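Chemist: Pulled from TrEMBL, these are the listed features:
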TRANSMEM  74-98  transmembrane segment
TRANSMEM  119-152  transmembrane segment
TRANSMEM  158-177  transmembrane segment
TRANSMEM  189-211  transmembrane segment
TRANSMEM  242-267  transmembrane segment
TRANSMEM  279-298  transmembrane segment
TRANSMEM  343-370  transmembrane segment
TRANSMEM  391-413  transmembrane segment
TRANSMEM  419-441  transmembrane segment
TRANSMEM  462-480  transmembrane segment
TRANSMEM  486-504  transmembrane segment
Amino acid sequence: MGFPLRSDLPLVAVASSFSDAVKRLLVGRPFRSEDRRAPALKKRIAMPVFASDMLSSVAYAPDEILLALSLTSLVALTVAPWIGVAVGIVILVIVACYRINVKAYPSGGGDYEVASKNLGSGAGLVVAAALLVDYVLTLAVSMTVFAAYITTAFPALAPYRVPVAIVGILLICFAGLRGSRATPMLLAVPTYLFLGAVFLTMSVGLIRVGLGDTPHAQTADYTIVHSNIGDQATLGLATVLIVLRAFSSGAVALAGVQTVATAVPAFKKPRGKNAGNTLLLSGLLAALMLTGLTYLASVTGIKYVDDPHIYLVRADGSPVSAEYEQEPVLAQLAHAIFDNAPVMFFIVVLITALVLIAAANTAVEGFPGLASRLARDEFLPRQLATKGDRLTFSNGILLLAAAAIVLVIATSASATVLIQLYLVGVFASFVLGQAGMVLHWRKRLRLVIDSKTRVRMHFNRVVNTVGCVLAAGVLIVVIVSKFLAGAWLAVVAMAGLYLVMGAIHRHYSRVTRELAPDADVNSRTIPSNTHAIVVVSEIDKPTLRALSYARVTRSSQLEAVTVAVDEEAAADLQKRWNQMELPVPLTVLGSPYREIVRPMLAHILAIRRRSPRDLVIVYIPQFVVGRWWEHILHNQVALKLRTRLLLVPNVVVVSVPWRLKSFSRQYGGDGPDSDTSLYRQA
């Protein structure tokens with residue numbers, strides 16, 4: 001049960017600075033915890049929102065298949081449709097497995113929860129590392145492909161592909177930071193438009209092929225300049241590797257399965273069933289679109305290569321022009337199929353760009369949520385565990401955006417390079433998740449007697465076993481075919497995250513053990529004595545307030561301490577102190593080297609040596625200022641002293657604030673600390 005919230009108490013807004021005002025302007029006003037309860041989503045809304053990652057992959061999966069096949073003349077491009085069929089079959093098998101997963105584990109933990117509960121925390125941590133890397137890659141890939149489609153529609157932006165991708169990342173993360181009740185509806189529209197655009201393109205294309213009016217792609221007349229494979233002994237191996245690489249490139253279409261599995265709590269009840277049906281429908285649509293688009297790309301003669309200025313030549317053998325910009329496969333299909341309706345090309349391209357924004361949003365939702373769960377389990381810093389003032393995991397979103405931008409810049413916004421890194425983590429989590437489900441059913445079968453239930457569990461275990469074996473096979477294919485092409489970087493990133501999260505967990509566990517109260521310690525014990533020290537630099541209002549605070553604590557001993565950096569000034573301070581008859585003795589410390597911190601620290605350490613069981617409380621007056629540059633002019637010595645004292649055991653540092661007029665002018669309120677009505681004569 002949560003603590004009751006007092007709505008009648010005013011919130012004292014301590015505005016920090018200009019940056020806080022900018023934050024309010026950009027992000028908006030804070031939300032109260034009870035202001036926003038995310039409504040459960042119906043399937044017709046949840047499917048386009050959470051499956052947009054899987055569905056949008058057909059905007060770049062055919063490109064990667066054709067790109068892999070273009071590396072050599074050993075494999076004809078007509079193989080592409082069969083590779084699309086193979087990938088479609090894998091999609092359906094994995095989707096069938098995850099339909100079982102979401103019903104067995106409807107809490108939204110996904111493979112991380114399954115692996116942790118059934119295979120142990122180590123396996124769960126591997127899955128978590130893989131998923132974190134893949135969420136970053138999802139955002140980077142989606143926005144990189146988004147930039148490719150935007151520059152296809154507007155060729156003048158082609159030289160600015162990296163900035164376009166970065167702007168896309170910033171905008172989608174900015175929207176995530178703001179949060180919105182209307183977000184699900186806004187994200188559902190592009191996905192449905194994309195489905196309509198793709199199926200319209202496929203339908204018109206297939207009808208034209210059936211009528212004998214096969215569309216002719218603009219690149220159909222180009223010839224691919226293939227790399228030299230070598231002697232005949234390597235031809236067979238090269239052929240196998242090319243096909244495997246094309247298959248693994250197309251398998252990027254499976255990257256969005258996890259998104260639905262982790263979004264189960266957002267569905268309406270029965271959540272597991274609705275999420276499972278959404279997965280099935282999404283998988284069928286993705287498999288159908290991928291197969292259809294790769295077939296049409298093959299029959300229309302589309303060419304897609306790594307660098308068209310190197311690997312593409314015209315029919316007469318001359319290279320393509322320096323101004324030539326290679327279009328994505330779906331854009332080339334739209335050009336060819338709607339050759340009599342050029343406006344359809346722009347519609348298809350722009351709708352595809354929109355759905356890639358929706359796909360990127362799945363990473364903005366998924367990464368912070370997973371990071372929050374890991375932070376609660378003490379595998380990541382606790383700052384990632386809580387929501388910000390707009391009820392979003394703002395720290396996680398900012399971390400995601402930074403990582404994705406680094407990847408985009410490092411790869412020069414190359415989707416092909418990013419996709420080489422993509423699939424290792426995806427299929428590693430698939431393998432461990434399905435292995436965990438196999439063990440899950442083994443445990444359940446030991447406890448269940450009912451024959452019908454056991455038959456269903458046996459069936460589920462067989463499906464998960466098939467999924468585990470298939471995912472392991474694809475993972476091996478990905479590693480073999482893509483390891484040197486960049487997949488090793490994903491492995492290194494996952495291993496690094498695994499080690500870092502393990503180290504964080506060990507640190508938190510060690511600190512928890514260290515801070516746990518001992519069984520033989522009485523919680524009511526207090527220090528033998530308290531020795532209070534008020535740091536004095538001059539006699540002014542902040543110093544007098546610090547003296548008042550120190551006196552009211554009734555310490556066993558109380559003294560004011562100043563350092564005689566200048567002997568005349570110190571003597572004058574002592575004289576004024578005596579004249580004012582202040583009821584606290586003043587100790588003047590000598591400082592032959594004109595230091596302040598070192599003599600003060602030595603004095604406190606001497607007290608600690610004389611009375612090691614006493615608690616020393618040091619009161620330091622501190623100015624609270626209103627302008628950023630005033631921080632440079634004030635509190636510097638106090639900051640150094642406080643920093644050093646924090647390292648001394650049994651010493652407590654108390655900052656006594658005094659608000660200057662600049663603070664009142666900047667932030668309003670009751671004005672500077674000049675009101676003495678709270679004080680009485682002592």
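Keep in mind that glycine also has a Cβ here, set from the backbone N, Cα and C atoms.
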Chemist: Below 8 Å between Cβ atoms, which of the listed ranges 158-177, 242-267, 279-298, 391-413, 419-441 makes the most pairs with the transmembrane segment (343-370)?
Modeler: 391-413
Chemist: So which residues does the transmembrane segment (74-98) touch in its own chain, when a touch means Cβ under 8 Å and the partner is 6 or more beyond its ends?
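Modeler: Same-chain contacts beyond the ends: 61-62, 65-66, 229, 235, 238-239, 242-243, 246-247, 250-251, 253-254, 257, 260-261, 276, 279-280, 282-284, 286-288, 290-291, 293-295, 297-298, 303, 430, 434, 437, 463-464, 466-467, 470-471, 474.
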Chemist: Check the transmembrane segment (486-504) against the transmembrane segment (391-413) for contact, please; criterion is three or more CB pairs under 8 Å, pairs 6 or more apart in sequence.
Modeler: no
Chemist: Below 8 angstroms Cβ to Cβ, which residues of this chain, lying six or more residues outside the transmembrane segment (242-267), approach it?
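Modeler: Same-chain contacts beyond the flanks: 38, 40-41, 43, 46, 50-58, 60-62, 64-65, 67-69, 71-72, 74-75, 79-80, 83-84, 86-87, 90-91, 94-95, 98, 101-102, 105-111, 131, 134, 138, 274-275, 278-279, 282-283, 286-287, 290, 294, 359, 362, 365-366, 369-370, 419, 422-423, 426-427, 429-430, 474, 477-478, 480-482, 485.
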Chemist: Tell me if the transmembrane segment (279-298) touches the transmembrane segment (119-152). I count contact as 3 or more CB pairs below 8 A, with pairs 6 or more residues apart.
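Modeler: When sequence-distant Cβ pairs are counted, the transmembrane segment (279-298) does not touch the transmembrane segment (119-152), since fewer than 3 lie under 8 Å.
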Chemist: Which bits of the chain, at least 6 residues beyond where the transmembrane segment (391-413) starts or stops, bring a Cβ under 8 A of a Cβ in it?
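Modeler: Non-local partners: 31, 33, 35-36, 135-137, 139-140, 143-144, 147-148, 161-162, 164-166, 169-170, 173, 176-179, 363-364, 367-369, 371-372, 383-384.
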Chemist: Counting only residues 6 or more past its boundaries, what in the same chain has a CB within less than 8 Å of a CB in the transmembrane segment (189-211)?
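Modeler: Sequence-distant neighbours of the transmembrane segment (189-211): 47-49, 51-52, 55-56, 58, 285, 289, 292-293, 296, 299-300, 330, 333-334, 336-338, 347-348, 351-352, 354-355, 357-358.
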